[in-house]
Amino acid sequence: MLPRTWSIFHVGDEAGEAPKTGEAVGAAIGRLESSKGTCERLEGLRILIQNSGRRSNVVINPSLRSCMPHHLPKASAPQLGFLKACFLCGKELSPHKDVYMYRGDQGFCSEECRRDQILLDERTEAEASARGRMKPPLRRPTAANKPLTLHSPAQVKAVDCLTIRWLGFSVRPSIAALLTASRFHGSLPHSTALFEVEKRYAALLRAAAQSGALPDGRAIHGRILRTIPDTSIFLSNSLANMYCKCRTLPHALRVFDEMPDPDVVSWNTIVDGCFLSGLRFDALACFREMLRYGVAPDEFSFVGVLKSCDLGMGFSAHCVVVKYGLGDSAFVASGLAEFYAVYGLLSDVMKVFESLERKDIVLVNAVIGLLAKAGNFEEAFKVFCNHVLDSHLLPARATFVNVLSGIDGFEFWREAIQVHGLVVKFGFEGDGAVQSSLIRVYANCCCMDDAHDLLRYSNSQNVISWTSLICGYASQEQFRDALDVFCHVYHDGTMLDDVLLTCVLSIAAASESQKLGIQFHAVVLKYGFGLNNCINHALMDMYTKCMSMPDALKISQHIGEDHNLLSWTILISGYAKCGSSMEALNTFYQMNKEDIIADSVACIGALMGCTDLQAVDQGEQIHAFLIKSGSEMDVTVQTALLSLYSECGSLNEAIQLFEMMIVHDVVSWTALISAYANLGCIEKALICLNQMFQDEIKPNHFTFVSALKVAAKLTYPVIGKSIHAAIIKSGLEEDTFIGSALIDMYCKCGSLGSAVSYFNGASKHDLVLWNALLAGHAQHGNVLELLKAYEEMVDRGLKPDDITFLSVLSGCSHGGLIDKVVHFFTSMRDDHGIRPQMEHHACVVGAFGRAGLLKDAVSFIEGMRINPGSTVLRTLVSFCIMYGHVRLGLASIAKMVLLGQMDSSAFVLVSNLYAVEEKWHDRRKIRDAMEADVVNLKKVGVSWIT
């Protein structure tokens, strides 16, 4: 709870010992004496020291206001340390700006506020003089003062403009007038007037809570403390609610602790505040404490409780609902249905819904939306037909929006047309939200022409609908059509808003076109949206996805003190996407250091960084944080953890996590299959794939790519052909990455003809498919076919990339075409502007080595612009062994040691070098060291194939 002396100077240190009264008085007098030139009549000022707990406050005695000078134009804040806030508007007075004085102890932030206060006092004194009496000077309420009373309509009207300007037109004038009108004191004729005042204060607090205006809410709190000594439970609950909605839970708890007898509303407010602050365990603890104190919950008590529960605690909360007879409440049933839907228990959702005798349209809409969101559109459409069309309930806007949200493909085209007809029948075709939902449905059904016609023929001026159309084109990767629609909206000039600009910035992010994003950035600045935080976050996201982290950091610095969780999350995810995993973890650490509680999205970005760095220890720390915050059961979080443990080789932890998951979706199955494939557990990966088919979970292209990698490692084409048949059945054969994986699988299984046959039958030959075919020819040593395919690719206008040249160089190197290797290496660097990687250099070294030109190989390595990597040096050492150049080989090994590139394969090469010179004792030492330190060392003369 805020201190009762609101606009004061705090002499004492809150964390330390309160200073003595004499020291406080001396400090205050010293400040006053330093301003004698401005305030000559302050010598008679009395100082009142109020010690409260561990804090000492210096305040001005208001009874001496009459002896102050009437007009004091300016003074600096350090000179008047006892003034902390503007007397009229409540804004904090900056220590670096001038303070405008009036009546000695009234400080104002601006000359305008000071003039308004003078005008207000003059009108008040005039009215009081007309009634034959003068009001006493304004004073702070003490124990002897009684609460306030409102004054005449003329006074209220006079202060309306002042208070509305302070609140930024966020409340009605009749309510806003209360704040300034509350400065006039008198006596309340009866308790009804006090209740009316508290109701208006509560309305102001509610407005501050809805807008998240914490400074306004604190100013209102300070005014309440000055005018109402003993607040009622009703007003205290409003204060606690304001602080909870503004995410300042400690202040809400202080208000709660000072309530003499908190009721169920008080407890509900604190429980919801804990949930909003991300403290789910604390929310449940408060709810248990409420029950322990004998306060019976009402239907609103379970809003934050059910959202804070895991599955087991949720079952217990459901029992409490039944125990207190709240099972027939539609509001509670809606919360229970949402809880069960989070964990995928749709059957329990329907049980809760069907057990309710009286179902209103709000509950029906909620259930339809939950079923549609869970992907069970058939059941959602059945509820819509049975409980809306075949009953007395009239559909609302939310009804159609929720039904349409479940249509995500052409298979529900018939239902989409029927719902569209009902929209027209019930007169919702002009509603912006329904129209936007229809646009999304047509986009999901790949009918963008129909979506465009819907807006064009209706002459829609709804910016939300046009925004949905642009997003629909973007979801279909029809970026040019999306830009055409944006140009139409842009030239219209009346429909630009922050949501539309955010949408087009997402197009630049999805297409990874930084040039396009810069143009949109210019539009943002031109139309004055540069201070909009939503657009700034969209700009940050666009620059991070375009791999331009410096520009994203500039936008982040522009946001400044308005940095929130979203800003930090975008930076963390951006660093992880750009490969700067260490920066991602450092940013995550800095965010926690700033006392910003990370959500599941931020943790997923940090887990991606841990996965890239193979930092399983840091990943386990984030896992512990997720368990503590109650986000462990989130499916996306579990999938990220599964990827972490599988990529880091912690297969047991990955399996344990998978078994703990309540819902096994396609993402979790794919992650487990990929984990088994990466760790060489081929049979278990295939068993998981088979189990996935038995559970009727439809695989996606990521699943099939992982499965094809398993078949390629198994080198058994029959299994690969079975997976190919499943791909054709699922309709994903035309996917580029699946096609590449199919060609790679057939090539590694020795069936190059099947790979070429699939390539020739593909409808679209992009660079990915060409690279896969070139890699297959290189693996099989078909150098002539490789060069022929490369020339055909170039003739078709496709620009080769680094992967293309790696396949060509590898094939020519193994084919002994040294001139071709040198030609393509030079062409890659000079003609195509591609910077050679370490693998490209290794191919050139391999070509020289196979031809026995070790001197040329050494000269090439010495001419490299970068330090030779382990791949290049290992290649050179292998040919030194082949041709018996032991000294050159040992020198290369020494170079690897200096560069810190020794691994198990390097130890094998050293032992083979000793074997060339028949130094069997030294070779035995190397083998013993390898067996002691290196994991999974292949023993000599023992096959891995059993």
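Each residue, glycine too, has its Cβ placed from N, Cα and C.
Please treat TrEMBL annotations as automatic predictions, because they have not gone through curation.
Lifted from TrEMBL, the feature list:
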- 81-125: domain 'FLZ-type' (DOMAIN)
- 263-297: repeat 'PPR' (REPEAT)
- 360-395: repeat 'PPR' (REPEAT)
- 462-496: repeat 'PPR' (REPEAT)
- 564-598: repeat 'PPR' (REPEAT)
- 665-699: repeat 'PPR' (REPEAT)
- 766-800: repeat 'PPR' (REPEAT)
- 81-125: zinc finger (ZN_FING)
Outside the repeat 'PPR' (360-395), six or more residues from its ends: residues with CB under 8 Å to it: 330, 333-334, 337-338, 341, 344, 346, 349-350, 353, 402-403, 405-408, 412, 415, 422, 426
Helix, strand and coil totals (DSSP H, G, I; E, B; other) for the repeat 'PPR' (263-297): 26 helix, 0 strand, 9 coil
Long-range neighbours of the repeat 'PPR' (766-800), counting only residues six or more past its ends (CB under 8 A): 736-737, 739-741, 743-744, 746-748, 752, 755-756, 759, 807-808, 810-812, 814-815, 817, 820, 828, 832, 834
Confidence summary (mean pLDDT) of the zinc finger (81-125): 64
Counts of helix, strand and coil residues, the repeat 'PPR' (665-699), according to DSSP: 26 helix, 0 strand, 9 coil
